[in-house]
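Please read the structure below before turning to the comments.
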Amino acid sequence: MERDPIKATIPLTFFEPREIPTYATDEPARDSFGRRIDYLRVSLTDRCNMRCVYCMPAVGMQFAPRPELLTNDELLLVIQAAAAAGFRKLRLTGGEPTLRQDIVELIAAMKAVPGIEHVAMTTNALRLRRLAGPLKEAGLDRVNVSIDSLDPVKFRQMTRGGNLDEVWAGIQAADEAGLHPIKLNAVIVRGMNDDEVVQLAALTTRHPWEFRFIEVMPLTGVAGLAEEGVISTAELIARIEAHFGALTPYGQDPADPARRYRIPGAPGKLGFISAVTDPFCATCNRMRLTADGRLHLCLLRDDEVDLRSAIRNGATVTEIEQIVRHAVQIKPWGHGLPEGVLPTVRGMSQLGG
Ligand code: SAM
Ligand code: SF4
């Protein structure tokens, strides 16, 4: 088969059809490239109490009707099956995960599933002031909070209505509740918040937080913004170093997509997540579960495996585990952005980042 230069970097097995193998239950979930896939990002809802410009289009958002979403019992069935297939870490996301009814009880039940070792959440923090304590008590290990600007007016514009004071109150509540280490995320969009990169990085000189700068990804509904707005990690680092001096590389975790640094002497860390300009597919350890019950195999591709139909047809945990393992087997190597292949089916608010 004639292979073009970009596809030639992908192992040949990527193009071969596969049988569904049978598994011993104690086998770890490895994909066909040998990557151990043990991290499931679980979208609890596609709804949100903000409308961030890089996440949702201004108009035309359609949300899944409630009967299409997995119920709590169905979600727990999937988590049990995923744990049996070797998944160890969960991250709850959305949409906004704290909008999910019974979120506290749901987290307690997920954390109690044998095999699940770590449960984290990515949230906009608008509801954390009240929820941080109960979530910690229920077994939540830590949170990532999205905060794109330190200027209340700009924050409101970028999130189309978000209240920065509430976010700070949520971060403080998370800190007091012990949801450590706290990580803060900002998506940097040229012409919107790129002038605040130095101030955002400076938070790590005052707090032991990790501040993560995320490149805009071209998901459905915001692809145009991504084209104009991507600021590479190299450019961000250059701006930060121009102010603070050379950054010190900080112990890299191979399972973490962020390249980590420290401002010399700072108690916190900086992280740079560059899915577009510096992809981390080779160390990918994750899959996503959409709120409507599909395993989404790669954030920036459309490939999915339906679990909800099997569940609603009465599949057992063991049968769902087999489907999860099959999904891991057919996980694509990586995204197709270099070939111009963009995801077309779901937006970020349906996938959870
Ligand atoms: N609502 C929660 C929040 O905002 O933290 C969780 C869901 S949100 C989709 C998860 C993460 O995706 C957030 O950190 C958000 O900043 C990021 N995100 C959303 N759209 C993005 C895009 N187009 N490119 C890169 N990151 C994006
Ligand atoms: Fe909502 Fe999070 Fe998307 Fe912002 S990034 S619109 S808070 S889901």
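Just so you know, glycine gets a Cβ as well, placed from its N, Cα and C.
As recorded in TrEMBL, the features of this protein are as follows:
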type	residues	note
DOMAIN	32-247	domain 'Radical SAM core'
BINDING	Arg41, Arg91, Thr122, Lys183, Arg286, Met287, Arg288	GTP binding site
BINDING	Cys48, Cys52, Cys55	[4Fe-4S] cluster 1 binding site
BINDING	Tyr54, Gly95, Ser146, Met217	S-adenosyl-L-methionine binding site
BINDING	Cys281, Cys284, Cys298	[4Fe-4S] cluster 2 binding site
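Annotation: Cys55 are the binding-site residues among Arg41, Cys52, Cys55, Cys284, Arg286 whose CA atoms are within 10 angstroms of the CA of Met217 (S-adenosyl-L-methionine binding site). Take the mean position of the Cβ atoms of Cys48, Cys52, Cys55, the recorded [4Fe-4S] cluster 1 site; other residues of that chain with a Cβ within 8 Å of it are Met50, Arg51, Tyr54, Met56, Gly95, Glu96, Asn124, Thr159, Met348, Ser349. Listed binding-site residues near Arg286 (GTP binding site): Cys298 (candidates Cys48, Cys52, Tyr54, Gly95, Ser146, Cys298; Cα-Cα distance within 10 Å). Of Tyr54, Cys55, Ser146, all annotated as binding-site residues, the residue with the shortest Cα distance to Arg91 (GTP binding site) is Ser146. Only Cys52, Cys55, of the binding-site residues Arg41, Cys52, Cys55, Lys183, Cys281, Arg288, place a Cβ under 6 Å from an atom of ligand 2. For Lys183 (GTP binding site), other Cβ atoms within 10 Å of its Cβ number 19. There are 20 other CB atoms within 10 A of the CB of Cys52 ([4Fe-4S] cluster 1 binding site), with all protein chains counted.
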